[in-house]
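Noted in TrEMBL for the protein shown:
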BINDING   17, 19, 21, 30  Ca(2+) binding site
TRANSMEM  31-52  transmembrane segment
TRANSMEM  64-91  transmembrane segment
BINDING   78, 213, 217  Zn(2+) binding site
TRANSMEM  127-144  transmembrane segment
TRANSMEM  181-199  transmembrane segment
TRANSMEM  214-234  transmembrane segment
């Protein structure tokens, strides 16, 4: 903790990252790890507006909202570094407010990726809903450290075959570029995360902290946006909505569709 600055939230009771606590404000424990979630919130909001405006399926609106919830949960976690906080009259473990939405989000990605070819339409969302609820309860009662990481990696790996299938069946060059940006951001973000975790003892002695975990947040915000946009393109293609990747101001990608008049 920086000298001369008292903590509004009290002593730190949760895991700390490689950033000095309460340097810039007594209300924010890890300043850069907190504000670095803002790009993810804004990008999810852009995706949500686009999904509403073009009347995509509700699953994509929920997906963008889940991205926002995850980023907000991460902000609360890094701002307070407390095990407990009160949200909507429900007491969560602080770290759960960051980690549980991560799992819920991956379950939603699994649904979006696999549901088009799932013959029993009601069984998948029902199973994933109860699975997510059960995980939240268990994670609230038991601190899952390595177990959470292994579980999360498994969920991510389950998405890979389907994402690859979508990539090879997509002929549009702009859509393929979205998939490549998705891979590039998750690769660079993972390097930043690992660098911050593995070399924290050395970094803490540097005059300048590169804030690897904050960079992870920023890159994963873009990563989620690229993934969501790519999946929206693929789904629109499946439904015959004639999608194309447009660019706002010639730079920012989004999916533009043209539904048949009967729809």
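First residue shown is number 1, and so on along the chain.
Quick reminder: no glycine exception, Cβ is built from N, Cα and C everywhere.
Note that this is a predicted model, so its numbers are computed, not measured.
Distribution of TrEMBL features across the structure.
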{"residue": "17", "record": "Ca(2+) binding site", "contacts (Cβ under 8 Å, 6+ apart)": "30, 33, 78, 196, 200, 213"}
{"residue": "19", "record": "Ca(2+) binding site", "contacts (Cβ under 8 Å, 6+ apart)": "30, 31, 32, 33, 209, 211, 213, 214"}
{"residue": "217", "record": "Zn(2+) binding site", "contacts (Cβ under 8 Å, 6+ apart)": "33, 36, 37, 39, 40, 71, 74"}
_Contact check, the transmembrane segment (31-52) vs the transmembrane segment (214-234), 3+ Cβ pairs under 8 Å, seq sep 6+_ = yes
*When you tally the Cβ atoms that lie within 10 Å of each candidate's Cβ, which of the binding-site residues (78, 213) has the highest tally?*
78
*Report, as numbers and ranges, which residues of the same chain sit near the transmembrane segment (181-199): CB under 8 Å and 6 or more residues beyond its ends.*
17-18, 210-213, 215-216, 219-220, 222-223, 226-227, 230
*Among all the protein chains here, how many other CB atoms are within 10 A of the CB of residue 30 (Ca(2+) binding site)?*
27
*Count of other CB atoms lying within 10 Å of the CB belonging to residue 21 (Ca(2+) binding site)*: 18
